[in-house]
Each structure stands twice: as structure tokens, then as C-alpha cells.
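Copied over from Swiss-Prot:
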- 104-152: coiled coil (COILED)
- 84-98: compositional bias 'Basic and acidic residues' (COMPBIAS)
- CYS192-CYS220: disulfide bond (DISULFID)
- CYS345-CYS358: disulfide bond (DISULFID)
- 183-405: domain 'Fibrinogen C-terminal' (DOMAIN)
- ASN181: N-linked glycosylation site (CARBOHYD)
- ASN236: N-linked glycosylation site (CARBOHYD)
- ASN242: N-linked glycosylation site (CARBOHYD)
- 79-101: region 'Disordered' (REGION)
- 1-23: signal peptide (SIGNAL)
Amino acid sequence: MRCAPTAGAALVLCAATAGLLSAQGRPAQPEPPRFASWDEMNLLAHGLLQLGHGLREHVERTRGQLGALERRMAACGNACQGPKGKDAPFKDSEDRVPEGQTPETLQSLQTQLKAQNSKIQQLFQKVAQQQRYLSKQNLRIQNLQSQIDLLAPTHLDNGVDKTSRGKRLPKMTQLIGLTPNATHLHRPPRDCQELFQEGERHSGLFQIQPLGSPPFLVNCEMTSDGGWTVIQRRLNGSVDFNQSWEAYKDGFGDPQGEFWLGLEKMHSITGNRGSQLAVQLQDWDGNAKLLQFPIHLGGEDTAYSLQLTEPTANELGATNVSPNGLSLPFSTWDQDHDLRGDLNCAKSLSGGWWFGTCSHSNLNGQYFHSIPRQRQERKKGIFWKTWKGRYYPLQATTLLIQPMEATAAS
């Protein structure tokens, strides 16, 4: 492979490209493959970009030279076109070849012009070729990232330390060695309950893939009642829950700490199935409360309405009629869907939630490290009215969901 001398990164690129091209068409060697590191991939991409910039700069310089040649030819005037007749004289002194110029000089200029045009075309072809190659490399990186999502271990238990956890996850140095067969691996479980049915009994981070959804990581709690998917956790105020609609839709936070899984992911897990919602509450004296009730969760077209049955619907202030009972739409400060016509509950309080009329519950409110003295401030906190009252900010909460068939089976 012939590489023109360019910048240092381009030389690295040429070497890497030559290696890739030479590997094509040869049968696989028995020795284990050498994996390119993530830094080498970055260097390859950086080299591609530098080569592209270098080629473009060369094109610009060539264009400047071409412009100079064109100006020199323009100075020749009509003489560059030659006489109109076999013996036709020049019309006037302006048509004459400038002093010091000869037909041989004009011929040389034309030859140089053609050569420069040819070089420009070749450079444009090289730039286009490198851009296509860079696009293919970007596509390959994206495909490999998808494959690592499929190859990632479906389980990271809570008991392992960070060092051992790092060993469980594939590193970027392994990406280049992945084979096309990786796409035919077993599909991850639909939810934590399906993982429980497959024999998993340890709680921790797992990869799931609900129907019609790409795979993603969730925190699973394995109990005697089956597998529960954790969709929310508050415990120390490390994450700001006063987020926008898009943030609540997509999810935010740290699955190992405080987080909100995301309304769209919750909806993909529940689908059209009925689910059981578990609400774990804790006050500042160490007392705990567990609530469980059936729900349906609508899609974005219903503002992710939480559809409830009696008596929970009354407890949470649901009044909208839905196919599965009474419903509470989800609201944020920039998407007001609550049942108060004169007030935006998310703005008045804090966080996004199924507010109802603002006064029944809000587990995504402002986190307080101690109970504020002012009642006006306490109302913005995390509360569940039927337990500890409207103005008692809770210390910790966890929300979990499980398909109804699991509850019926147990």
C-alpha cells in the first residue's frame, strides 16, 4: 500500500489501514486475535480526521496555484486562443503575446493547468475515499457498541467490589475482536421476574430487554415473591429530581444509588400487562412502610397515566376515568398534566410525579437531610399523606414493579 508523506497521525492511519487491508482475504490464523485498544481506535479516528484536513489544505494550496496560473494565462489575452484564421494577424497590440511570452510558454502553462486539475481531482477522490472509510469505521464502532450491550453480563451483584465488577464487564479493548456470531446470542430476559424464573436468586444490576425495546440495565430485587424491577430510589439527596419532562421520560441518576429509571422504560416493561407496584417508605426514626397495589401504566399519549383501582385511587387522588379504573397523568414543571386547573403542582412543589391535586403524595420531591422548621418548605419534600402526613418529608423511598401474573402464581 502506497502512503503519501503527511502528518504524523496520517502515517499512523496509513499503517493501521494497511494492516486492515492486508488482513482481508486471508484465512483466519490459529493464534488468538490481537485486540485494538480504545486509545488506538481514537488514534485511528484522529488520524483519519487529520488526513482529511491535510488533504483539504493541500487542495486549497493547489487551488491557489491554479488561480495564479489562470491569472498568468489571462495576461495573454486573446492570444491564448490562437489566430482566428490561418494567416489572420492580431487585431491590435492588446491581442499580442505579452513581452517575454512565447507560444511555447503558453503551451507550458496549459500543460501545468491540466496537471493541476488532474491533481485536484485525485485529491478530491482521496478525500471522498477517506470520508467513506471514516463513515464505515464509525458505523463499525456503533455496531460493536451494540454487540457489547448484548455481550455484557446480565448480572452484577451488589457484593462485588469495583475491581471485580470491572472484570465482569467487557472492556473496549475487546471490541475489535468480536465476531458476527455475537448478534445471535440469547436475548436478555424481559424483566426481573423472567430472570427470576430462569433461576437467578441474587439481587443486583442486570440487563433486560422488554418486547419491542432495546436492551438496558436495571436494578433487580430478588425476593421470595419473585423478581422486582426497581424504578425509583431516594436515599441521600445526591441526585436532583427537579427535572424536565424529557429527563423523566428517559431516566436519570445512578442505578447503584439514587435514580429514576425513565417513564418510557417503565412503560416498555409493563406493556399492556397489569403490574404490581411496591412502595417502600422510611421515616427519620428508622420506621418503614410497605404498600403494594395493582397498576396499569399508559404510554406517552396518555402522559404516562398511572391507572389505579379502589381504594388506592382515592388514596392518591385519582379522578380521571380510564379503561382500567381511575388514572393519574404524570406532570413536570414544563409539562403540566395534574388535576389542578389553577396550579402547576410540579412548580409549586418540586420534581415530577403523578400529582393528582398536589396534596396526596410526591416521592420525587426535594430531599431534605433534616426536617425543615418551616411548613412552607416542608411541603416541597418527599411525602405520602396517608403515612406520616402531608408535611413530613421522608428520608428514603423505593419504587418497584412486577408483572401481575407473578403475584398470582405466588
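First residue shown is number 1, and so on along the chain.
Backbone N, Cα and C define each Cβ position, glycine as well.
Feature map: Swiss-Prot annotations on the structure.
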residue	record	Cβ contacts under 8 Å, 6 or more apart
CYS192	disulfide bond	PHE206, ILE208, VAL218, CYS220, GLU221, MET222, GLY227, TRP228, THR229, GLN402
ASN236	N-linked glycosylation site	GLY257, GLU258, TYR367
ASN242	N-linked glycosylation site	TRP333, SER350, GLY351, GLN366
CYS345	disulfide bond	SER331, ASP336, ASP338, TRP353, PHE355, GLY356, THR357, CYS358, ASN362
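Residues belonging to the domain 'Fibrinogen C-terminal' (183-405) score a mean pLDDT of 93 in the model. Following the DSSP three-state reduction, the secondary structure of CYS220 (disulfide bond) is strand. In the three-state DSSP scheme, CYS358 (disulfide bond) is classed as coil. Here the disulfide-bonded residues are CYS220, CYS358, and the one ringed by the most other CB atoms within 10 angstroms is CYS220.
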